[in-house]
Amino acid sequence: MESIQSTMKNINLYDIKAAVRKAQNVVMNYTSMEARVREATNNEPWGASTSLMMEIAQGTHNYSQLNEILPMIYRRFTEKTAEEWRQIYKALQLLEFLVKNGSERVVDDARAHQATIKMLRNFHYIDHRQKDQGLNVRTRAKELVELLNDSERIRKERKRARQNRGKFIGVGSDGDSRISTSSKSRFPSFGSSRGSYRTRVYGDGGGFTDYGNGYHDSSSMSDSRDASDNDVEEYNEDGDGGSSDAATANSTRGSRRTTTKQSDKAPEQPKQESAMIDLLGLDNEPSPAQPQTNTSAPLAFEDDGFGDFQSSAAAPASSTLNNASLFMGSQTASTAAKNDDDAFDDFQSAPSAKPASNTAAFSSISFGGFNSLNQLPTSSSAFTPQPTTFNTGYTSAFGMSSGLSNTSSQAGLGLTSQQPTAAKSSGSNGDAFGSLWSSAVNKVHQENSTRERVVSSSSEPVSKTQNFLDNDNLLL
């Protein structure tokens, strides 16, 4: 009881009027949308809320609800007296809101009832305070008529209202998220919320446009137009950004060009690499090894890697004699001479493996016996190209071997150090190439004097060096 008494004390006149309106809605069997219109156009001294008018605007996209909203508004214009000017004023305000935010069908229907709206431009009412309250109604009616007659202004106002609606909702001007989409589930009607009829609509493009599929579709078409306009603006913004991106792209291209120009100047590196490879000893560089032959005696025998082409003729007879005496009896003086003088004699060392007493033929054989093919006798001016046969049994044609003579068999393996020297001297006198070799030996005899001293002083290091030279010759 106390709660009922407290509520009764807090009830005022406006609460009683609201309860009376609810009762009238039930008695008069008004629909929910008609009840909202009656609430938005009541006689209270305050205006209708924006949320309530937005719900009514959503209902205009439905065909059945649209036929409930607009007739109720027009009844406010005609059925109300001058004393209820607030309801007339609120009805004009709601109709203007629907023209800007509602369906495009509202514009067509309002233009059809434009005569009723023009009558309100002459509305007069002076209250008990001698105040002209009809001024607000006349002003609002005049503005609404001007809006309905200006199609360009309607397009601008609808576009502005759509942008404001997007700001309040927080979605923007995207047509996918609209308040009108919620009207499908909130205010169901017969069939689909999309109109199945075809009629002329008032498009945002200006004036009466082509036939659309319905109220909802025409609104979505206008929304799509607006979205396309926004897309164009975004495209312009992207175009500006694209120009900046193009500038950055040009700068990057310029940097790439500079890098390519710098990279074109780099082919000098392979030459440096080739110089490094030469330092490793893969190319012909015999000159650094020659000064070492004069300074140190053990290194004198190590300069025959590629220098044997020039130093083969510079070998003295005494050095070949000493080198031949260091080996055992199985190795003859001729074999030692070949190992010391010739760089390519190892490839044809088979004929030299047999001992021979008369070594005069070896003086005419150099580089594996290739030079003994065209031996010219010094005594006669004319000669016949026949192979010259010595006492040893060798034929000079490409180093072909023959049977040994009696002197070679009697000589055996024991050779003295004086026999090769005599053979060298005798062979050089009878052969033109031998004389050349002997003259070369006489010229470099002084340079090889140090080599003879080392060979005579120590025999074992010389043999090791000789083996090392033989291995190098095999590698060649």
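Using N, Cα and C of the backbone, Cβ positions are placed for all residues, glycine too.
Quantities reported herein were computed from a predicted structural model and do not represent experimental measurements.
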- Message: Which residue does Swiss-Prot record as phosphoserine, given the choices Ser189, Ser243, Ser449, Ser456?
- Response: Ser243
- Query: Looking at Tyr202, Tyr215, Tyr235, which one is marked phosphotyrosine in Swiss-Prot?
  - Reply: Tyr235
- Query: Of the residues Ser182, Ser193, Ser228, which is given the phosphoserine tag by Swiss-Prot?
  - Reply: Ser228
- Annotation phosphoserine in Swiss-Prot: match it to one of Ser192, Ser244, Ser381, please. Ser244
- Select, from Ser173, Ser274, Ser396, the one residue given the annotation phosphoserine by Swiss-Prot. Ser173
- Note on the structure: From Ser64, Ser251, Ser459, the annotation phosphoserine in Swiss-Prot is attached to Ser459
- How many of the residues that make up the domain 'ENTH' (30-154) does DSSP mark as helix, as strand and as coil? 94 helix, 2 strand, 29 coil
